[in-house]
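Taking it in order: structure first as structure tokens, then the write-up.
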């Protein structure tokens, strides 16, 4: 009896189920080949056609029958409907209107019809066609010309000259971009590891996560140097890979520059994307209402979505987290006057339909930027820089002497060494033997430079239409350029000229 119990237990553990007749061979059934295997082997035999004794084909091979099968057209009313056609003139007009609309940064595409847009858009790339080999000059322009009219892209010599100029400009821009690392035949200089901050794979992964999760992307720029803190490569990526996402420029720290400088930069950047001037402060902000109103408009453009996400990208230390705190009226993101405070992306709820995404600062690699440019943009922390006194001469060239004299209450220096020595002796920063602590004072000055205690800014480009447009001081908002443009107004012109000619005295601490 004990043996029987063990045998029953062993069978149960072995997984044997059923009545025990599963492995019994039935007569007439192939035991070694199943139906799938038999079908596969028969397919190998059917590969050739069958012929009779006279060599005539009796049965065609698989998929090689010459008999036409009976076809049947799907009954659909669209076969009998009108066909939509368009003339060439109307197509050209539509193509021009489409191009003008795409170039306008203040127009948004709400709905797109099912049209072959690839056929309507003009391809900027020149196809690699060997025209001379396919159509010779004699067959095109000579007495034996076979075409009535040569296929030219221009109509007269003026258009040909303008097309040649545009082609030359594009070629020079591309050449400068490709050969930016070649400077007078010298090779690229090795940079310190600290100047490669913001370029790690982790930071780029955070950036791509923010871009993929955002419906509206806000590019935060520093009002003192907007072009220096502009990520052109990220803009091109969004324009190419995600054209359905909306991009906005926010000119932060506009309180550190004069009003006419901020207004000129807003007008210049508005040619590419919608631009707003902003001052991040929980208690005393500027541009907050305009930004929230703009986000509400983008939210209204997508009524089918329950909410939209707004991502903040840009260089480190440009004030992305501070703008989010300003919009929420409380500290929801960790901020600091040093770069690299935000490590990972963070979701913040602004309202029921709008969410904000904070992103770490990104620094696109560029061979044109020197170590001085990277340091002055606030990308790296000054305390980690070796020999900070070597950057003081460039700082003296970028800042005016009167601003430095008023900030540090020293005067009468001829070079950077004397400037550091005077400030060190005034503040009592001396080493053994009465030697001035140049390194410590240089770090102090660089921190003041990045944090806005020393007034400086990059002048805006003087556009051709800027001469006829004046900005009245103290009227409207910087984001609303149409309300601030005053044409042929004598009183406003005099006020603007007085404001621009007035000496910029800096800012109070």
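Positions of Cβ are set from backbone N, Cα and C atoms, glycine also.
What Swiss-Prot says about this one:
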{"type": "COMPBIAS", "residues": "1-14", "note": "compositional bias 'Basic and acidic residues'"}
{"type": "REGION", "residues": "1-22", "note": "region 'Disordered'"}
{"type": "DOMAIN", "residues": "204-365", "note": "domain 'CP-type G'"}
{"type": "BINDING", "residues": "314, 315, 316, 317, 318, 319, 320, 321, 358, 359, 360, 361, 362", "note": "GTP binding site"}
{"type": "REGION", "residues": "480-509", "note": "region 'Disordered'"}
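Sequence features, as recorded in Swiss-Prot, placed on the structure.
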residue	record	CB count, 10 Å
314	GTP binding site	25
316	GTP binding site	23
318	GTP binding site	28
320	GTP binding site	28
358	GTP binding site	23
360	GTP binding site	24
362	GTP binding site	20
Q.
Name them in sequence order: residues not among 314, 315, 316, 317, 318, 319, 320, 321, 358, 359, 360, 361, 362 whose Cβ is within 8 Å of the mean position of the Cβ atoms defining the GTP site.
A. 220, 312, 313, 339, 342
Q) Where does residue 320 (GTP binding site) sit by DSSP, helix, strand or coil? A) helix
Q) Which value in Å gives the longest Cα to Cα span across the GTP site residues 314, 315, 316, 317, 318, 319, 320, 321, 358, 359, 360, 361, 362 as recorded? A) 14
Q. What does DSSP say about residue 360 (GTP binding site): helix, strand or coil?
A. coil
**Q.** Overall pLDDT for the domain 'CP-type G' (204-365), taken as the rounded mean
**A.** 91
